[in-house]
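Working notes for the structure below.
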Amino acid sequence: MSEPTPNDNQQRLIESTEGIYRVDAGAGTGKTFAITRRYAHILESTDATPDDILLVTFTRNAAREMRERIVQQTDYDLRELQGAPISTFHAYCFRLLRRYGHTVPETLGIDDQIPDSIDLIEEPVREKQLFQRFMSTFADEHPEYADMLRMFRDPATLHTLIGELAAKGVIPTRDGWFRSSDAPLEGDREAFFETVADANSPGEGASGPTNSDARAAVGGWDASEYAPDSPSKAEVHDDPQVDRGVIERAYDEDRTALRTFVHDVYYEYLTFALRNNYLTQGLMLALAFVMLCDRPQVREQDAHEYVMVDEFQDTNELQFKIALLLAITNNLCVVGDWKQSIYGFQHTSVENITAFDDRLQRFTRELNADRTRIAYPVDSVTTIPLYENYRSSSSILAFAEQSLSIPATYSEDIDDPLAGERSLAATNHVDNAQIDAYQAPNEHELLLDRIQMVVDNDDYAVEVTDEPQPDPGATTAQQEAAERERLGAPSYGDIAVFTRTRAFAREFLTVVDEYGVPVAYDGGVELFDTPEAKLALAWLRIAESNARRGWAVVLERAGYSFDDTETILDTEAYPDAMVQFREELAAIDTLGGFLRRVFDRYGRTSAYADALVDHLTSLYENSTLTRGEAIQYIEANLDAGTTVDIETSPGEDAVTLQTIHGAKGLEYPIVILANLNDRAFPHYGQPPACPIIYDDELGLRQTRAYSEAGDYPHVYQHWPTKLLQSIQPSTYDEERRLLYVAMTRAKRHLLFTSGDDPSRFMDGLSIDAIELEPTPEPVTVARESTAPFVTTIPDSSTVPRRLSVHDIMDDSVYDERNGGRGTDFGTELHDFAEAYALDEPVEPSNDDERAVATLIDDLDGKLIPEEPALLPLPGEPQVTLAGIIDLVHVTDDSVEIIDYKTDPDRLAHDEYRTQLSVYYHVLASVYPDRPIQATVFYTQTATPVTIDPVSIDALDRLSRSRHA
DNA sequence: GGTAGTCCCATTTTT
DNA sequence: TGGGACTACC
């Protein structure tokens, strides 16, 4: 596909390579295109090499996409860019730290070094477990903090606070704070009292002044919640305001002890982590920052001539400073859109972009306080707005803009958020947008009803053909006509349903199942709450300790009644087949093998099973979980509701269902924003579980305090913090930005739904909701039954039996056929082939892999590696053959199956013919309109051999004879 | 316009 | 358990 021509501001950005730039890149304005073009331009117009250009993104996916786009636009190929610094903040800093930072902890007064083998923890559960362990030792070792610790219901909640402080750049040393980084703990007194001036000024009523907002907020002041010496209601109230003296007393209370406590926890946790050879992401970035501050030689070796940071609205203060340190010249370019900042709960700071200039000056001053670190000039910043939107129709853009000023509560006051900002301008010509809101007591049915209303409806026309490039000289009218030409009625795949919470999506999915509407959920799944996880947990418990709890689950699944189960458990007379299976499992060495055997036995080949095995076996780089640890791990994750991303089956024409967060960066022809219900969206935040809070205006504060001042020792609410907090107005800016993000995903049409209790956002839309009696129709599309679930042990003949294709092959022929090169050789080759087909940056490491690479290079259609295949056989009892196709190559007029074999000869070819025949029949049913070809590719000789498939009946007979 | 009492609900997710 | 929005009442 040819690249479009940049618009004026994109062109300006591409060519402006020297100096500091802040790019306001609104939704759908071709940001990635412009950045990668700019990258290419730097390479072309200067003598810089990829190593001189640092390109930082927020996610791994984004980094990968950038890399791929750059390959398209430069002479460099993926391999040459492999080592180039196009990376996430975390990955880049971790690499630097491991390369140069072994002794960095010394700078903070810590003896432990950072070894190469240090573990970077990504799973919140593990992080939390380790922190819990730390806190219990901390409590033991510090009796002097007993009172402080009494205010905690769960001391592990301090963990979040530490992460927040690290994101601020607050870093402890043994005796104090790194480079006076504790300043934010004090708070911003001036800013707070500006807030107070606003919130505490009386209103003007008809008959004189009315109570200020702050006074209203502390109206119900109840001194009995607080320690006995706290101010009374009368002292706090100074109608119509809050007593200024009391506010100051609260703000200026002595917080020395609190600060010391937090310092010690933070510092000792850092020590604990290093001693136990791990780091969290937050601590890792903090140490990388310390290294960059303290070791000029690291910057000399590794800082960059050009630095670009993408998604700058999702960075925190620490990352801003790290970016400054990674640049050696002022060729710095940050790209982002404050309106899409929705990760505040991850301690990001939208002010990095909204107050970019101020922060740039301030952070530079701070970094240069003791010696010059930022030697380049920072006083001139050029702002380039990208406002031409290539995604949505103009009515959608105009409609989305209002979302930023819809109040989230009945009393919220919003200043014009877009003051002075240029609106996005649509670039398409046909505006056929349908924008409507719907409401019904049963929102799930309503959603299905609306989906069915939209599908195949010409009023909701969307682009249905690939866009032919318009004649460059075409008139507007001609372009409009060409665009109209491309429009047609939508199908399921054109629709996305967004929700604020995952819970809503999950509930909706159960209703979806009842009606059979094709809806695919895209996002994290509570993996440890699936039947697969519970099954795995049960057998692990049985194998580990013959646990009653495990047996109960297994027996229940096998169909035993409650009473039978009780009897069996009491007598320990477990069914023979199960006992045998237990012994078989006990003999398996590896956790991965153990789990696979369990899932095989139950015929569980779902994505959940795969994900579980992957997850549990890849937790540690250098060691594996024992069974006991695996049990604990699953339990902890089940408890914590951990979610894991599962790959959804692509290709099906289905509605996409995801959370708004998950939809960021994506676009859909038709968006249905669901869940606009009271308290769901906008979501009214839950109070922080940790009694110690940090706030930019207030600094470090405690919300509870232990005191023995009253009749008996007691944990009280801490009045100063409560007073200050209630004076601060609550803000819902991020909820509005979420609304904005959701709406700007839509290209053509936008629908809203709510249940019987619509939220403020629903009310605030400039359209009225239509009340509807939903009448969704059950869909009776014959859907192939996926993953037959064999619930019983021992085998039952009433359910389809699943056989692996290998079960019906004669393995005596093909065992040891790889020429003594070891089974790993084949596995590695397959891994390589999969990665290569997916265009991942891998290089062939031997002749066989080179042969595969050449083969794949010659394929010009769609490549689908590692595709699961299921073939139901006709005979009785029912049997389904299952296997995985190495590679499917699909073009418009043909489909090719490719299976790699590392055998030195073709002795096993007949067996492979059987195997590929299975795949052949599966694909023949999926693509009835295209000829199918099945090829065994012998990698050692780079020879493709096409097979002549055997019939389904022959496969059926074979499977029954070989597996009676 | 102000207040007290009632009610409802307890995220989002990347590294 | 806690907090905030909202309602019903003064």
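Using N, Cα and C of the backbone, Cβ positions are placed for all residues, glycine too.
Unlike curated entries, TrEMBL annotations are predicted automatically.
The following features are taken from TrEMBL:
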{"type": "BINDING", "residues": "A:A25, A:G26, A:A27, A:G28, A:T29, A:G30, A:K31, A:T32", "note": "ATP binding site"}
{"type": "DOMAIN", "residues": "A:4-393", "note": "domain 'UvrD-like helicase ATP-binding'"}
{"type": "DOMAIN", "residues": "A:394-665", "note": "domain 'UvrD-like helicase C-terminal'"}
Position of peak Cβ density within 10 Å, selected from the binding-site residues A:T29, A:T32: A:T29
Non-site residues, in chain order, whose CB comes within 8 A of the mean position of the CB atoms of A:A25, A:G26, A:A27, A:G28, A:T29, A:G30, A:K31, A:T32 at ATP: A:A34, A:D337, A:L386, A:N389, A:Y390
Distant-in-sequence Cβ neighbours of A:A25 (ATP binding site), under 8 Å, six or more positions away: A:K31, A:A34, A:V335, A:G336, A:D337, A:L386
Per DSSP, three-state class assigned to A:A25 (ATP binding site): strand
Residues satisfying Cβ distance under 8 Å from A:G28 (ATP binding site), sequence separation of at least 6: A:N389, A:Y390, A:R391, A:S392, A:L424, A:E667, A:T744
Per-residue Cβ crowding (10 Å cut-off), top of binding-site residues A:G26, A:G30: A:G26
Secondary structure of A:K31 (ATP binding site) (DSSP, helix/strand/coil): helix
